[in-house]
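According to TrEMBL, the protein carries these features:
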BINDING   Y236, W283, E286, L287, V288, W289, R290, E291, F292, Y293  FAD binding site
DOMAIN    8-141  domain 'Photolyase/cryptochrome alpha/beta'
SITE      W317  site 'Electron transfer via tryptophanyl radical'
SITE      W373  site 'Electron transfer via tryptophanyl radical'
SITE      W396  site 'Electron transfer via tryptophanyl radical'
Amino acid sequence: MHAPEQFDAGLMWFRRDLRCQDNAALFHALRACRRVYGVFVFDTEFLDPLPRADRRVEFMHRSVEALDADLRALAGNADAGLIVLHGPARTLLPELAQALHVQAVYTNQDYEPAAITRDNQVRGGLANVGISLRTAKDHVIFERDEVLSLSGTPHTRFSAYCAQWLAQLTPFHARAYEVETHAARLATRPEVWRTPVPALQELGFHATNLAQLALLPGRAGALTQWQEFAARMDQYHLTRDYPAVRGPSYLGIHLRFGTLSIREVVQLAWDRYRQGDPGATKWLVELVWREFYIQLLTHFPHVVEHAFQKDMDRLPWDHGPHGRKLFAAWCAGQTGFPLVDAGMRQLHATGYMHNRLRMVAASFLTRQLGVDWRWGERHFAEHLNDYELASNNGNWQWAAGTGCDAQPWFRIFNPTAQSLQYDAQGKFLRRYLPELARLPDEEIHAPERASPIELEAAGITLGVDYPAPIVDLGEARRAALQRHAAIQQERRR
Ligand SMILES: Cc1cc2nc3c(=O)[nH]c(=O)nc-3n(C[C@H](O)[C@H](O)[C@H](O)COP(=O)(O)OP(=O)(O)OC[C@H]3O[C@@H](n4cnc5c(N)ncnc54)[C@H](O)[C@@H]3O)c2cc1C
């Protein structure tokens with residue numbers, strides 16, 4: 001972002017930063033321009049491929065409504081607020097900027113390849129009419145080349161990246177952008193754009209079960225969730241791995257849509273980390289994982305389609321009818337492995353999936369079922385509320401053993417052992433697999449091991465009420481090791 005210069009008018013383009021507090025691009029726009037308009041585009045080129053009922057779209061829609069209200073309150077002017085458009089941003093943005101006679105458009109950097117392509121198109125469209133596009137860093141603390149190895153190359157080991165990230169962090173990086181100081185510059189919208197945010201239905205979408213979930217959208221929702229988590233952050237390291245426990249923050253969706261600023265959460269976690277708080281330390285490290293994968297995506301965009309370790313593209317995934325059948329059972333939460341099935345059903349019922357279950361489900365699909373990680377990655381991308389290309393891709397490749405700093409090829413999670421370890425009393429399993437609820441704690445993790453009497457007492461006929469395991473774990477493990485061993489052998493040649 002350049003030094004302040006005085007423009008008569010600027011346009012702030014909100015995307016995955018749906019808040020007016022501590023917003024880098026908005027701050028820069030307000031400092032540089034005497035009048036600043038705000039716009040949000042429901043971009044059809046991104047929305048059209050989505051299912052017509054999508055929790056992310058509903059969350060985004062409600063957060064845009066809240067942002068509109070917040071902007072007007074901040075401006076102290078009911079006629080300020082958001083201009084909301086529906087169509088391709090690629091063409092609508094330059095048209096709007098020209099019609100408003102602004103000299104510059106401000107926006108926060110998006111690091112996903114499709115967004116970068118779109119932004120380049122917008123930049124070109126704006127340049128054609130003599131308007132500049134200015135981007136700011138907002139979504140991360142450190143971007144692209146800001147945390148490099150001593151030799152100037154991107155880090156591919158998380159431990160080294162994390163150590164350097166923490167060493168480089170200063171109060172400056174976590175300081176909030178004081179948008180409020182310049183709020184008087186938020187402009188009154190010309191009358192033609194003083195329209196309410198279109199209803200979800202007008203955008204071509206239906207309501208989901210979002211309202212029934214403990215997931216409040218907008219800035220207010222983000223703050224409620226953040227305060228709730230901040231009060232138990234000190235326990236995070238002890239509770240985060242147990243899916244039946246309220247251990248994680250559930251803030252992923254707010255970080256994804258920018259209803260929460262990364263700086264405000266890092267500031268508190270970092271303060272507590274410096275006081276030696278183990279919960280805050282662990283949580284801060286998770287935020288570093290997020291940035292690790294974002295920088296990885298910018299440096300190695302081939303990961304979108306290919307294995308990070310390029311020779312891993314030769315792994316012989318089962319793409320045939322058998323693989324498709326296994327994949328369908330996995331998607332439906334009908335594999336016969338309760339922890340995997342409960343995780344997949346949590347995903348479909350809520351759009352959230354506990355991190356431990358994401359790891360177990362991804363490992364199971366790619367290692368034990370031999371199904372291509374890209375299939376699983378796509379399924380998660382369609383359903384996760386907090387879907388981020390960088391994190392989803394990085395973690396899928398980690399689980400499949402194809403990624404950067406991945407799970408070693410010979411370490412394969414056993415889903416039954418994971419279930420016994422992390423949900424010993426089967427509380428989480430019972431929540432999402434009611435058909436198994438009456439099994440005793442010892443048997444619920446592997447119903448096929450229950451005696452016929454126990455199954456009968458629990459009202460379960462295997463293969464009818466709940467599937468028998470779709471693979472033999474021992475055989476599946478051997479096959480997985482063989483697949484990877486072939487690549488390892490080639491490497492040694
Ligand atoms: C197969 C797989 C797919 C995943 N897909 C996504 C995804 O699409 N989007 C996503 O944000 N996370 C993804 N994760 C990482 C992690 O599971 C989620 O970030 C976390 O479960 C979100 O819940 P939370 O906000 O309660 O997390 P918390 O445990 O409270 O963590 C706080 C924040 O740290 C970040 N974070 C935590 N763990 C990771 C991680 N392993 N990698 C990157 N960032 C992390 C997230 O921003 C998260 O919101 C995936 C993990 C796996 C194993």
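Placed from the backbone N, Cα and C atoms, the Cβ positions cover glycine too.
On the structure: features taken from TrEMBL.
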{"residue": "Y236", "record": "FAD binding site", "Cβ within 10 Å": "22"}
{"residue": "E286", "record": "FAD binding site", "Cβ within 10 Å": "15"}
{"residue": "V288", "record": "FAD binding site", "Cβ within 10 Å": "21"}
{"residue": "R290", "record": "FAD binding site", "Cβ within 10 Å": "19"}
{"residue": "F292", "record": "FAD binding site", "Cβ within 10 Å": "26"}
{"residue": "W317", "record": "site 'Electron transfer via tryptophanyl radical'", "Cβ within 10 Å": "17"}
{"residue": "W373", "record": "site 'Electron transfer via tryptophanyl radical'", "Cβ within 10 Å": "25"}
{"residue": "W396", "record": "site 'Electron transfer via tryptophanyl radical'", "Cβ within 10 Å": "26"}
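Proximity of the recorded positions E286, R290, W317, W373, W396 to ligand 1, judged by a Cβ distance under 6 angstroms to any of its atoms, singles out E286, R290, W396 in sequence order. Per Cα geometry, W396 is the residue among the recorded sites W317, W373, W396 nearest to Y236 (FAD binding site).
For the domain 'Photolyase/cryptochrome alpha/beta' (8-141), the mean pLDDT of the prediction comes to 97. The recorded sites shown are W317, W373, W396; of these, the one with its CA atom nearest the CA of R290 (FAD binding site) is W396. Comparing W396 (site 'Electron transfer via tryptophanyl radical') with W373 (site 'Electron transfer via tryptophanyl radical'), their Cα atoms are 6 Å apart once rounded. Counted over all residue pairs in Y236, W283, E286, L287, V288, W289, R290, E291, F292, Y293, the record's binders of FAD, the longest Cα to Cα distance measures 22 angstrom. In terms of DSSP secondary structure, the domain 'Photolyase/cryptochrome alpha/beta' (8-141) contains 62 helix, 34 strand, 38 coil. In this structure, W373 (site 'Electron transfer via tryptophanyl radical') is part of a helix by DSSP. Looking at F292 (FAD binding site) and W317 (site 'Electron transfer via tryptophanyl radical'), their Cα atoms lie 27 Å from each other. Note: the Cα of E286 (FAD binding site) and the Cα of W373 (site 'Electron transfer via tryptophanyl radical') are spaced 22 Å from each other.
Taking only the Cα positions, the spacing between W317 (site 'Electron transfer via tryptophanyl radical') and W373 (site 'Electron transfer via tryptophanyl radical') is 9 angstrom.
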